[in-house]
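Participant: Mind looking over this structure? Questions follow.
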Amino acid sequence: MKIAVLSRNPRLYSTRRLVEAGTERGHEMVVIDTLRAYMNIASHKPQIHYRGKPLEGFDAVIPRIGASVTFYGCAVLRQFEMMGVFPLNESVAIARSRDKLRSLQLLSRRGIGLPVTGFAHSPDDIPDLIDMVNGAPLVIKVLEGTQGIGVVLCETATAAESVIEAFMGLKQNIMVQEYIKEAGGADIRCFVVGDKVIAAMKRQAKPGEFRSNLHRGGSASLIKITPEERMTALRAAKVMGLAVAGVDILRSNHGPLVMEVNSSPGLEGIETTTGKNVAGIIIEHLEKNGGPNMTRTKGKG
């Protein structure tokens, strides 16, 4: 197969590993800088151009689209889909999962466990919003944030009111969530490929920190997940319509709660922690499921 990898940086660990794994299995791997691809949309034959030449003959595309380029990245990926190129994750599923609020609304509709979450526009509704999520301590999240940036833990209702007012004053869209104390600053990253959780790791926040992101100094370790956690991760990825996803789960007193479904999960942490060839498993999934003109939309909403 001729496989495109949409990535801003060919030197990133995840991009490098996918290229290595694909090459090892006999595929032609081509890394394309997402922002340098441009499109002829209105022609009868949809095209993508790259560095002055049309991109042709691709069987599949692996999107590694960073959060900051979601809009343009999804447009490029959609154009590949219009050309009949099979996407590992489709554009509509990536857009769905990148919208934190929309993704929680869709997960909630399917009865998947979530932390109690509130969303409001008017400062007049702040006290009621805080009560809605069972009061302080609570977590405030900027909807556009990634890697733990724009996430604040407020220990008291007074602090929460001040922080929410400040974000609203800056015209930032935020959501307010209950703080799951019993998780102890840890979450579980379940790596889903197709209809299997192929690997899982526990991410523990460093002392004095509640965000467990590895980018914020968190540590990763092997973990055995429960059947309920496995089923929750698989259902969450399916609701989003994602074939490959990193599903972040908290262990709470009332079962597993989904924090986020990541459409472009990093490979370094999970491969290093588990010793599994995750990149190879992803390429195998493409071989089994991918092919020209197999671009039917998955997921709803």
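Glycine is no exception: its Cβ is also placed from the backbone N, Cα and C atoms.
Dumping what Swiss-Prot says about this protein:
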- K141, E178, Y179, D187, R211, S212, N213: ATP binding site (BINDING)
- D248, E260: Mn(2+) 1 binding site (BINDING)
- D248, E260: Mg(2+) 1 binding site (BINDING)
- E260, N262: Mg(2+) 2 binding site (BINDING)
- E260, N262: Mn(2+) 2 binding site (BINDING)
- 104-287: domain 'ATP-grasp' (DOMAIN)
Participant: K141 (ATP binding site): which of the binding-site residues D248, E260, N262 is the nearest Cα neighbour?
Facilitator: E260
Participant: Restricting to the chain of E178 (ATP binding site) and a gap of 6 or more, list residues whose Cβ falls under 8 Å of its Cβ, or answer none.
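Facilitator: Once residues fewer than 6 apart are set aside, E178 (ATP binding site) is near P115, V116, T117, V133, N134, L138, V139.
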Participant: Could you state the CA-to-CA distance between D187 (ATP binding site) and D248 (Mn(2+) 1 binding site) to the nearest Å?
Facilitator: 6
Participant: Provide the three-state secondary structure of D187 (ATP binding site) computed with DSSP.
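Facilitator: Note: D187 (ATP binding site) is in a strand by DSSP.
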Participant: Among all the protein chains here, how many other CB atoms are within 10 A of the CB of N262 (Mg(2+) 2 binding site)?
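Facilitator: Around the Cβ of N262 (Mg(2+) 2 binding site), 22 other Cβ atoms lie within 10 Å.
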Participant: Along the domain 'ATP-grasp' (104-287), what average pLDDT does this model show?
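Facilitator: Value for the domain 'ATP-grasp' (104-287), mean pLDDT as a whole number: 93.
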Participant: Taking only same-chain residues 6+ apart in sequence, whose CB is under 8 Å from that of E260 (Mn(2+) 1 binding site), what do you get?
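Facilitator: Looking at Cβ-Cβ distances below 8 Å from E260 (Mn(2+) 1 binding site), excluding near sequence neighbours, one finds K100, S103, V247, D248.
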Participant: Can you tell me how many other Cβ atoms are located within 10 Å of the Cβ belonging to R211 (ATP binding site)?
Facilitator: 20
Participant: Would you say which of the binding-site residues D187, D248 has the most Cβ atoms within 10 Å of its own Cβ?
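Facilitator: Top count of Cβ atoms within 10 Å goes to D187.
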Participant: Calculate the distance in Å between the alpha carbons (Cα) of N213 (ATP binding site) and N262 (Mg(2+) 2 binding site), and round it to a whole number.
Facilitator: 13
Participant: Whole-number answer please: how many Å between the C-alpha atoms of R211 (ATP binding site) and N262 (Mg(2+) 2 binding site)?
Facilitator: 16
